[in-house]
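For reference, the structure discussed in these notes is given below.
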Amino acid sequence: MIDFKALAQTYGTPLYVYDFDKMKTQFESLKEAFRGRKSILAYAVKANSNLSVVKHFAQLGSGADCVSIGEVRRALMAGVPKYRIIFSGVGKRDDEIREAIESDILYINVESEAELGRVEMIARELGAKARISIRVNPNIDPKTHPYISTGLHDNKFGVEIVAAKRMYIQAKNSDHLDPVGIHFHIGSQLTELEPIYEAAVIVADLLRSLQAIDIELKFFDIGGGLGVRYDNETTIEPYDYAQAILSALKGIDVTIICEPGRFLTANAGYFLTKVLYEKNNGAKRFVMVDGAMNDLIRPSLYKAYHRIEALDKSGEESIADVVGPVCESGDFLAKNYPLPPMEHNDLLVIHSAGAYGFGMGSNYNTRGRSAEIAVEGANVRLIRRRENFEDVIALEREYL
Ligand SMILES: Cc1ncc(COP(=O)(O)O)c(C=O)c1O
Ligand SMILES: N[C@@H](CCCC[NH3+])C(=O)O
């Protein structure tokens, strides 16, 4: 049990707390599901990119799925071996492509025909042969929030099957491209297996048709997306997930790459915030807290639900909006949430905040970002100190 009260006292609030043991359990449960098959789990760094978190997964044998050269650098710094690093992302700059090729990572995941052309040109300039995979958009509805759907033709990600095939042929015939993988990722917070299976079947069929023209790929990259329980969602069991992929891949010998983000970190993270005041305008009860949308934007952006625990509080519950100090009506951590009467300095624990929490934070309203803490067994470590005013303005130049 994590002593949230003691952590809040020692490190102040708002505060992110990560349970490293829980992250490990999640990692191992997914690894176990693919046991006996050649596979790489490549942690999706964007979910929680703190160097200590990435290092924790690296030490468990994880690779890294990165979507900027900054994330590639983070992964390398955290000790992820270069041969387990993948660089995806729908719009890569030339300098990012160049650095990725020079860093000799596992492969660049190409997301358009135009981008394939840039990768080839830059590899030629470098006198290199760039390892690539192609992100296929299978046009499958992942049945998740529209902002985090990525596998429909309405979404900007990947290329359609016909284009992908053309691109593989171009790559195969190039002296500067080495096609080694195929990739799909249809969305995040997936709670139904069927769309993943359907996408895997489509992409596996493409793989077979490539084999038929002598294009042999080593890696079948199934992206991330496994959903977690924020409230009472049904979730996909790792074993069923692995079996679905394996059945789509029947008869094909490839290394499976999986890029989980949320599954590994969401429920291992907590956001601690203190009550500032209560306010009731007759029509509505508001609980004002010191954490805000600049710390945790998911409720504002997706109307996402996060369970809230009022620590050591009892008394009759009534409905309240939990709101932050930011000057936006959209600044809330919860709407119409049942809470007991709250007083100044009472502590709220916002659950499931370990993925897309701190990383989506900002300095809006000149608010320094929270500190981050890692808990591992009895060991507690500060893994990012709280930002102060000087940090927030550090890069600005004086206006003369
Ligand atoms: C290519 C790719 N891989 C992996 C992920 C990780 O997703 P999730 O956190 O849902 O597992 C994402 C984000 O959706 C992604 O775009
Ligand atoms: N930021 C989203 C997930 C995005 C996944 C990345 N493609 C969330 O908080 O749920």
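Glycine residues also receive a Cβ, built from the backbone N, Cα and C atoms like all the rest.
Positions annotated as active site, proton donor by TrEMBL: CYS327. Marked as pyridoxal 5'-phosphate binding site by TrEMBL: GLY225, GLU259, PRO260, GLY261, ARG262, TYR356. Marked as substrate binding site by TrEMBL: ARG262, ARG298, TYR302, GLU328, TYR356. According to TrEMBL, the feature domain 'Orn/DAP/Arg decarboxylase 2 C-terminal' maps to 15-354. Feature annotation from TrEMBL assigns domain 'Orn/DAP/Arg decarboxylase 2 N-terminal' to 22-266. Sequence annotations record features per position, and here TrEMBL assigns N6-(pyridoxal phosphate)lysine to LYS46.
Close contacts with ligand 2, defined as a Cβ under 6 Å from any of its atoms, occur at ARG298 among the binding-site residues GLU259, PRO260, ARG298.
Counting Cβ atoms from all protein chains shown, CYS327 (active site, proton donor) has 9 others lying within 10 Å of its own Cβ. If you check the recorded positions GLY225, GLU259, GLY261, ARG298, CYS327, GLU328 against the residue listed as 'N6-(pyridoxal phosphate)lysine', the ones with a Cα inside 10 Å of its Cα are GLY261. Cβ contacts within 10 Å of GLY225 (pyridoxal 5'-phosphate binding site), excluding its own Cβ and spanning all protein chains shown: 30. Using ARG298 (substrate binding site) as the reference Cα, a 10 A cut-off selects none from the binding-site residues GLY225, GLU259, ARG262. Residues from the recorded positions list (PRO260, CYS327, GLU328) with a C-beta closer than 6 Å to any atom of ligand 1: PRO260. Following the DSSP three-state reduction, the secondary structure of ARG262 (pyridoxal 5'-phosphate binding site) is helix.
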